[in-house]
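Asks: Feature list, courtesy of TrEMBL:
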- 20-40: transmembrane segment (TRANSMEM)
- 89-114: transmembrane segment (TRANSMEM)
- 120-140: transmembrane segment (TRANSMEM)
């Protein structure tokens with residue numbers, strides 16, 4: 001295995017079944033890696049946007065709700081606004097965690113693809129990151 005960047009149309013990416021032996025296969029592989037990098041940037045920006053929306057929709061912080069819950073000492077039903085908010089917060093946190101795991105897995109796939117030391121694959125990742133950031137970043141400023 002080469003330990004420096006090379007221009008070649010033969011490479012094995014990520015798995016044994018993803019073996020490239022032709023220029024057409026390399027072009028398709030670069031496109032797939034480019035799209036993975038665009039997806040990674042989109043998930044990164046989407047995760048930040050989702051977190052911002054969750055924080056804006058929660059009426060009060062969890063600590064303030066815990067204080068209100070202990071001060072009130074109400075023996076109300078299980079469907080109190082506080083317990084619903086806690087439940088909603090945990091569901092949002094679980095969703096954020098799943099999105100984070102997907103982002104990490106895609107990031108490691110991209111890193112391992114670059115570690116093939118194929119210059120075409122590296123350029124596909126760089127271009128995909130640039131395009132993904134260019135397309136996804138304006139979504140952060142949208143309300």
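Every residue, even glycine, has its Cβ placed from backbone N, Cα and C.
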Asks: State the non-local partners of the transmembrane segment (120-140) in its own chain: residues 6+ outside its ends, Cβ under 8 Å from one of its Cβ atoms.
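Replies: That would be 5, 7-9, 11, 13, 26, 29-31, 33-42, 44-46, 48-49, 110, 113-114.
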Asks: What residues in the same chain, six or more past the boundaries of the transmembrane segment (89-114), come closer than 8 Å to it by Cβ-Cβ distance?
Replies: 13-14, 33, 36-37, 39-40, 43-44, 46-47, 50-51, 54, 58, 62, 121-122, 125
